């Protein structure tokens, strides 16, 4: 079994595990809310009883001896224990997703090394290099549709990248920023100088300095028909025609 196949097999069980943990988190949260609501009502009632006792003279207004009942204090301690359980479950869910992301980073690093070796061998032998999986470009992307000079026309995120992204999103249902590490070696593309994601299109100018562009950054919603040039290359091409 290859590293990617092993990663996908492990990833298949992740949603089920996370679902169980989130279900338990919801149950704990409901229990915590019930305890807090009950404790607030009890404390409010005890405070009102103390006030009445002070006004009637039955209770000395000495803050050193006035305190909540043992039942109220026990409820507060129980609330803290339930909240700690929620935090522990959230940490476990985060660690699960983080482990899979680290595995994905290992695969991508291994893939880049294999691709680099194949290009080096191709440069020595003069034989064009092909990606290890037959249709994947260096970086976290998958391309479909051949354009000029054998270059791919559009680019979609790979299964492993999509899976890791979905896992990260699932592990973060409340939209918290988890501050996950970003691979500093990840190649960047497009006018926005960001990593590859979603659908991308390649400029048909073989000398284009940027080469790959996100659909949204160049105003595309679907694969362009025929040849497509980025705004820089299109301007240069039109300028040459005008001479």
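One-based numbering along the chain as shown.
Placement of Cβ uses the backbone N, Cα and C atoms for every residue, glycine included.
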TrEMBL annotation of region 'Disordered' - which of the ranges 64-120, 121-177 it falls on = 121-177
Integer Å value for the Cα distance linking residue 189 (site 'Histone H3K4me3 binding') with residue 214 (Zn(2+) 1 binding site) is 8
For the recorded Zn(2+) 2 site, enumerate neighbouring residues of the same chain (Cβ within 8 Å of the Cβ centroid of 203, 208, 230, 233, site residues themselves excluded), in sequence order.
-> 204, 205, 209, 210, 211, 213, 229, 232, 234
Ranked by the number of other Cβ atoms within 10 Å of their own Cβ, which of the recorded positions 192, 200, 208, 217, 230 ranks first?
-> 200
Excluding its own, the Cβ atoms lying within 10 Å of the Cβ of residue 212 (site 'Histone H3K4me3 binding') add up to 22
